[in-house]
Amino acid sequence: MVCGGFTCSKNALCALNVVYMLVGVLLIIVAAWGKGFGIVSSIHIIGGVIAIGVFLLLIAIIGLIGAVSHHQVMLFIYMVVLILVFIFQFIVSCSCLAMNRSQQEYLLNTTWNRMSNETRLNLEKTLDCCGFLNTTEGRDEFKQDVALCIQVCSDPHKCPSCGDKMLNHADEALKILGGVGLFFSFTEILGVWLAFRYRNQKDPRANPSAFL
């Protein structure tokens, strides 16, 4: 049978959703591992990663059940959800790729200000740095951060700011994040196309007089 028939569409859709399931499980495992080993202490970060993993897992389960059973309603819900996820993910990915250094600095500064002291100290310990950026506007806060982390930094007299270290890698990280996001965006479009095509194909084993 040539690829494009009922069986081929079904197998391709199942394979795509198995990949989504593996990615979802991997996100959950990585988040739990990071929390267990103390790599990330913020419950908001851990909860966000786990929520994304669970959401992706649920979408994959709906798509897999719909593909195996050729369930019209499940396949329709699957397509609608994937389209919405694609739109959101595409916008976020393009924003990551288009972000300049000043925008990166503003975003990192906003994130830094929302961090708890415990999260800041863990980040400073991991990056071997103190404070965010020693700017005119944030000099007082920078001095307070340096005073808190002076024992954490391996070399207190030559301790760089965390903002400088993060900005040095932010551009590369955003490009990777945007590229991976765009890749998954197009796999979601592939999933929508496969689900639409498969949904409108008749099961050759079904009753010929039955609807699809």
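In case you wondered, yes, glycine gets a Cβ from its N, Cα and C as well.
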Identical membrane-side domain name, G5 and G131, from Swiss-Prot: no
DSSP-derived helix, strand and coil totals, residue by residue, for the topological domain 'Cytoplasmic' (66-72): 5 helix, 0 strand, 2 coil
DSSP three-state assignment (helix, strand or coil) for N109 (N-linked glycosylation site): helix
Proximal residue to N117 (N-linked glycosylation site) among glycosylation sites N100, N109, N134 (C-alpha distance): N109
Residues of the topological domain 'Extracellular' (94-175) by DSSP state, where helix covers H, G and I: 58 helix, 0 strand, 24 coil
Sequence-remote partners of the transmembrane segment (176-196) [C-beta within less than 8 Å, at least six residues beyond its ends]: 9, 12-13, 16-17, 19-20, 63, 66-67, 75, 78-79, 82-83, 85-86, 89-90, 92-97
Residues that sit under 8 angstroms from N134 (N-linked glycosylation site) by C-beta distance, when 6+ apart in the chain: F142, S161
